[in-house]
Amino acid sequence: MDKDSQGLLDSSLMASGTASRSEDEESLAGQKRASSQALGTIPKRRSSSRFIKRKKFDDELVESSLAKSSTRVKGAGGVESGRCSGSEPSSSEKKKVSKAPSTPVPPSPAPTPGLTKRVKKSKQPLQVTKDLGRWKPADDLLLINAVLQTNDLTSVHLGVKFSCRFTLREVQERWYALLYDPVISKLACQAMRQLHPEAIAAIQSKALFSKAEEQLLSKVGSSSQPTLETFQDLLHTHPDAFYLARTAKALQAHWQLMKQYYLLEDQTVQPLPKGDQVLNFSDAEDLIDDSKLKDMRDEVLEHELTVADRRQKREIRQLEQELHKWQVLVDSITGMGSPDFDNQTLAVLRGRMVRYLMRSREITLGRATKDNQIDVDLSLEGPAWKISRKQGVIKLKNNGDFFIANEGRRPIYIDGRPVLCGSKWRLSNNSVVEIASLRFVFLINQDLIALIRAEAAKITPQ
């Protein structure tokens, strides 16, 4: 009886112990859930901060970058999607999490390394090709030679004339890119190697003078008259100091420039007086009083100018009225007066020596021979060996217009216009006819031609 009662007591104690343990575990699990809900995140597994370097393959690189970017994206509830897909934490991890402080820590947004790598890779080609269009190979060669000569980028910016107007910052950036950027320096070297040797020689001739070169040139006296041989001897004496592309002529030109600016050793610059103030153009322009520049009206002067203008116009009018009277006197002395046309003369071809009268409606021009008789023998005026036997024909039409037709080899010039063989041209009063260096003036009897036109007008309606 005692044994049975003792066994029942033991079994009841064990059952109560197991029940109490299950209740303790449930209460502990409830506390853990409450703490995790208060934090808003599932506790992370503690891992070592030591990084183990391991070679990654291409597929791993792509998948890891995608996995990292996906694990950084959080849902609206604040739970990471990568963590939700994993396995549940063990009991030992739960115990460690329960000991952690309950204060929530706000997560700090950190950029993903995969995205930053892609941004850097996309920016690099833009920086490489940024200045490839503006900086020519000739500019790079000029920049390199000038920096090697002066070792001063400010002097290079002021003294070198590039193909574009670069700022000092752009010159500095280009020089640093040529030094430290392997991509840009490689492209620039390839472009410079493709330059023509003549272009390279022209660029090298524009290299700036170094301080050592100018110091040697300054020793040549300003009072002396150095020749090209003097500078050639200077080149042979100091071959290491001068640039390889220097010539005696280039040294002479630079020496003359230094002499002009008083940079030689035996030249002294006169100091300015201390009391005097040097004004530039803008300062002098500001000192000018604009009110004094206005023209002051002088009534007496204006009256005199008006009277003089009226007097000159009266004299000009009188001379114009007397012009035809003086023309008659001049023509009577020189014998070049206008001819007196008779009733039978239609026109006159007047030369320097002879006058040819046109009394028929059609006349021929040329050079007369024994076998060829023509109306107007041009050999009477001057040398006519270049004129054809039958050079041309002048005709009068019913409407009163004169036309000349060229039938010779050489052209006939009417007022400077050539009339070729087989062509014709209208002659007007005072037209200049030039045939093989012989010049004539064609004069028309206007009165007789007017009568002919009137008769033609009467006949036309009938």
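Positions of Cβ are set from backbone N, Cα and C atoms, glycine also.
Residues annotated as compositional bias 'Low complexity' in Swiss-Prot: 81-90.
What Swiss-Prot lists as compositional bias 'Pro residues' is 103-112.
The phosphoserine annotation in Swiss-Prot covers SER22 (among others), and the record cites similarity to another entry as its basis.
According to Swiss-Prot, the feature phosphoserine maps to SER102 (among others), an assignment based on a large-scale study or a structure entry.
Taken from Swiss-Prot, the feature phosphoserine applies to SER108 (among others), supported by a large-scale study or a structure entry.
Under the heading N6-acetyllysine, Swiss-Prot lists LYS123 (among others).
Look at Swiss-Prot and you will find LYS130 (among others) tagged as N6-acetyllysine.
When Cβ atoms from all protein chains are considered, those within 10 Å of SER282 (phosphoserine) total 7, not counting its own. According to Swiss-Prot, the phosphoserine annotation covers SER282 (among others), on the basis of a large-scale study or a structure entry.
The motif 'Nuclear localization signal' feature in Swiss-Prot is assigned to 113-123.
Per Swiss-Prot, the feature motif 'UBR5-degron' maps to 389-396. Counting only same-chain residues 6+ beyond the ends of the motif 'UBR5-degron' (389-396), those with a CB under 8 A from a CB of the stretch are 346-347, 349, 358, 361-369, 372, 374, 378, 402-408, 410, 412, 427, 435, 452.
If you average pLDDT over the motif 'UBR5-degron' (389-396) in this model, you get 92.
DSSP gives SER282 (phosphoserine) a helix state.
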